[in-house]
Amino acid sequence: MLRMALKFIDIGANLTDPMFQGCYGGSQKHVADLDIVLKRAWQQGLQKIIITAGCLKDVDEALELTAKDERLYATVGTHPTRCDEFLPDPEGYYDQLRSKIESNPSKVLAIGECGLDYDRLKFCGQETQRLYFEKQLSLAAEFRLPLFLHMRNAHSDFMAILGRNRDKLKECGGGVVHSFTGTLEEAHSILAFGGLYIGVNGCSLKTEENAEVVRQLPNDRIMLETDCPWCGIRSSHVGHKHVSTKFPTVKKKEKWTAESLIDGRCEPCQISQVLEAIAGIKQEPKEKLAEIYYQNTLDVFFSRTGKTRTE
């Protein structure tokens with residue numbers, strides 16, 4: 001009997017990052033290779049990719065990419081570490097985000113990346129983060145779009161903001177707390193809110209504690225992501241021992257070839273490794289999990305297109 005190829009949706013790919021243009025730390029190391037990266041992704045079973053936007057500039061670049069391929073979509077929002085961008089003209093900045101959503105209804109699938117990040121307060125203070133996280137929830141309510149959420153070391157404030165906006169968010173279709181690395185108690189709190197999912201990538205699979213959280217997450221509340229070009233599964237990660245899919249890799253960026261991945265730069269094709277790690281940790285068939293996680297993603301982000309059960 002032939003085994004059906006696995007299907008994936010990467011809910012979080014930072015395809016506007018300069019690394020995919022061959023630029024690292026402001027220095028050009030190799031030719032732009034995003035087209036090659038995407039070709040590798042489609043060959044690995046990716047059906048759709050949602051490009052993460054973290055500021056207005058990202059939104060413009062992401063939407064430009066989505067126009068080139070029907071399988072590419074985008075979020076619209078401002079990352080907590082970028083919320084200082086609101087400050088010179090809060091209403092003007094908000095209106096620009098709003099305009100991007102309004103002008104691209106078939107390509108914008110979620111509001112985000114938004115939330116709180118208290119691990120990187122050097123980029124933006126807590127008060128500003130809280131203010132403009134809450135402000136962006138109004139976009140979700142107005143356009144009835146799900147949320148692509150970020151939470152780092154800020155669980156109490158994060159849940160408090162969601163809680164006091166619960167009525168506003170009833171029609172937004174839920175969302176996902178992506179790149180989750182929190183505790184099991186925090187995961188339970190997120191899932192108890194209703195309509196929220198947990199996004200798992202390589203950073204979610206680093207430690208024994210991470211693995212135990214993932215093991216206990218309900219499958220009907222998990223989505224897969226790479227958060228590329230970051231969050232690949234490293235050999236030091238607990239999840240690595242379960243990875244069976246290998247890719248040719250070069251150690252130095254300057255040694256780039258079209259056939260090889262670059263060590264340290266994650267790509268969407270590596271979503272298969274995330275699935276394998278979860279399957280190993282949960283001791284469940286990857287085929288079964290792939291189908292569940294794929295459907296979870298369709299239900300939240302693609303239900304408005306009528307493509308939830310027919311693909």
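Each Cβ is built from the backbone N, Cα and C atoms, and glycine gets one as well.
As the structure is a computational prediction, the values presented were derived from the model and not from experiment.
Within its own chain, Asp227 (divalent metal cation 1 binding site) has Gly12, Ala13, Asn14, Thr52, His178, Ser179, Asn201, Gly202, Cys203, Cys266 as residues 6 or more apart in sequence whose C-beta sits under 8 angstroms from its own. What TrEMBL records for Glu113, Asp227 is divalent metal cation 1 binding site.
The C-beta environment of His150 (divalent metal cation 2 binding site), restricted to residues of the same chain at least 6 apart in sequence and closer than 8 Å, consists of His79, Pro80, Gly112, Glu113, Cys114, Gly115, Leu116, Asp117, Val177, His178, Ser179. Residues or ranges marked as divalent metal cation 2 binding site in TrEMBL: His150, His178.
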Neighbour count (Cβ, 10 Å) for His178 (divalent metal cation 2 binding site): 29
